[in-house]
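Noted in Swiss-Prot for the protein shown:
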DISULFID  Cys27-Cys75  disulfide bond
DISULFID  Cys41-Cys90  disulfide bond
DISULFID  Cys44-Cys128  disulfide bond
DISULFID  Cys52-Cys106  disulfide bond
DISULFID  Cys56-Cys108  disulfide bond
DISULFID  Cys111-Cys118  disulfide bond
CARBOHYD  Asn31  N-linked glycosylation site
SIGNAL    1-21  signal peptide
Amino acid sequence: MPASSYFLLFFFMNFFSPAQSYLLTHCEPVNETVSVEKDGCPKCLAFQTSICSGHCFTKEPVYKSPFSSIYQHVCTYRDVRYETIRLPDCRPGVDPHVTYPVALSCECSLCTMDTSDCTIESLNPDFCMTQKEFILDY
């Protein structure tokens with residue numbers, strides 16, 4: 001292969017890959033429909049809130065050593081406010097209140113199990129196992 005072909009290949013790999021990454025949404029708060037449900041409450045409540053979503057730049061090493069850890073950054077909460085919602089028709093003795101985080105700002109950092117779903121594939125945020133009710137203006 002001629003040297004000019006290597007140059008062109010290198011040029012296109014480095015020129016177009018970063019350009020395409022600008023098309024991805026950066027990590028930021030977005031409005032999303034989420035659902036909450038609880039044992040002892042027959043209905044699932046769906047409502048709009050702010051969650052963290054978007055792309056974080058990461059580097060995957062070509063050689064993975066069994067002696068080194070790989071830490072991938074994910075889009076997660078930086079600043080949150082907590083709000084409480086009341087589930088309808090809960091059985092007597094069941095606390096109908098559920099507290100959830102509202103994203104005020106987001107960052108690319110390690111996944112924190114306290115505030116984020118750190119699984120590879122998870123359910124959609126509006127998934128319900130019981131009958132769903134919507135709150136339109138919350």
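Glycine too: its Cβ is placed from the backbone N, Cα and C atoms.
Here the features listed in Swiss-Prot are painted onto the structure.
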residue	record	contacts (Cβ under 8 Å, 6+ apart)
Asn31	N-linked glycosylation site	Gln48, Thr49, Ser50
Cys75	disulfide bond	Cys27, Glu28, Cys52, Ser53, Gly54, His55, Cys56, Cys106, Glu107, Cys108
Cys90	disulfide bond	Lys38, Gly40, Cys41, Pro42, Pro96
Cys111	disulfide bond	Val74, Thr76, Cys118
Checklist entry - Here the disulfide-bonded residues are Cys27, Cys108, Cys118; which one has the lowest number of other Cβ atoms no more than 10 Å from its Cβ? => result Cys118
Checklist outcome for this item: Candidates Cys41, Cys44, Cys56 (disulfide-bonded residues); min other-Cβ count within 10 Å returns Cys56
